[in-house]
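**Q** Below is a structure I'd like to ask you about.
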Amino acid sequence: MSVELWIALLAGALGTYLIRLLPLLWMQRRLRHSRERAGTESMPAWLGVLGPMMIAAVLGVSLVPRVPDATGWIATLVGLAATLLTWRRTRSLGLPVIVGVATFGVMTLVRPMLG
Amino acid sequence: MSDHDIATSAGPAWLGGVRDSLPLLSGYIPVAVSFGLVATQAGFSSLETLAISGLIYAGASQFVFVGMVASGAPLWLAVAMTLLINLRHVVYAPNLAPWLPPSRWWPWLMHGLTDQVFALAHARLPQLAERQRVGWFCGAALLAWLSWIAGSLLGALAGEWLMAQWPLLGEVMPFALPALFLVLVVPRFTSPRWTLALCVCIAAALAFTLGGLANVGIPLAAALGGLCFFTLRAPRLPGGQR
């Protein structure tokens, strides 16, 4: 890899790091100021809504199956249903994911028979 | 582990973070293996692939960076595209900031703030005692980062062989990500207002992805969901809950 390419890689890495870091420093300063001046809104309302929305958006993006045919979608829906049902019973993080992946795996295995 | 358990569990906090981030691995490793394979096929060495994964550490943008460099695009454009794709990360740290107790470690740990780690931390940090949060985040973020690096290296060294041996595994394991995100989002469906806004957001993100706009789709869908939330009038309930 040439020196120019290494510089490009480091620029991409540093830029990505700053995108993650600088908003933290900004928000921490804002929080400090709001603590000093009691009554000031510490976190903008839109930011509190945007957090859960970003997670929902990442969920939406990740829903598209690798093989986006009818059986791929069915496997995704059944896997999600299994995840949801397990979450309703356990209210935990790990087990619903394991059950979801296992169900999706079984559906993927039987897909040739369905298709 | 239930919500109650995580708030009161004994043992090192970093171990709790490691345990909570385990589901991420089944999503990270297959994608990282794919990246390692794509990078070596594009002419990058194993060391260079490792450097890209360890330093940039942002899945989609790494594929774009490698693809653009391999196609002979100007390097400044490859960097600009990398940063543009990663720009959505700007809202992550401010959302976590209210739950981050003072520590000199946070600036360094922000390198590990990916989409998935943010989603996990956003759900878990409020449930933890303040003294546990740095350790928890450290465990979760480090495991995710190391698994991404290890997966990339594996892909660079043996990706072709792995894909040939277990093609189904690469198809099934990434389902851990939507399953995990679902578990993280579901507790937010607390009112009709939130439910509608979140559904709009999920549907919009899905539509953007199907239209080939996955990366731009994340902030756009989130903005649409937010717009929907603020446009909807919250019903006035006796208890004042919205």
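Along the chain as shown, residues are numbered 1 onward.
Just so it is clear, glycine is given a Cβ too, placed from its N, Cα and C backbone atoms.
The transmembrane segment annotation in TrEMBL covers A:6-25, A:45-64, A:70-87, A:94-114.
For each feature listed, report its degree of burial, its nearest neighbours and the pertinent distances within the displayed model.
**A** Same-chain residues lying 6+ beyond the ends of the transmembrane segment (A:45-64) with a Cβ under 8 Å from its Cβ atoms: 76, 80.
Here the transmembrane segment (A:70-87) has Cβ contacts under 8 Å with residues 63, 95-97, 99-104, 107-108, 111, 114-115 of the same chain, all six or more residues outside its ends.
Beyond its flanks by at least six residues, the transmembrane segment (A:94-114) meets 71-72, 74-76, 78-80, 82-84, 86-87 of its own chain at Cβ-Cβ distances under 8 Å.
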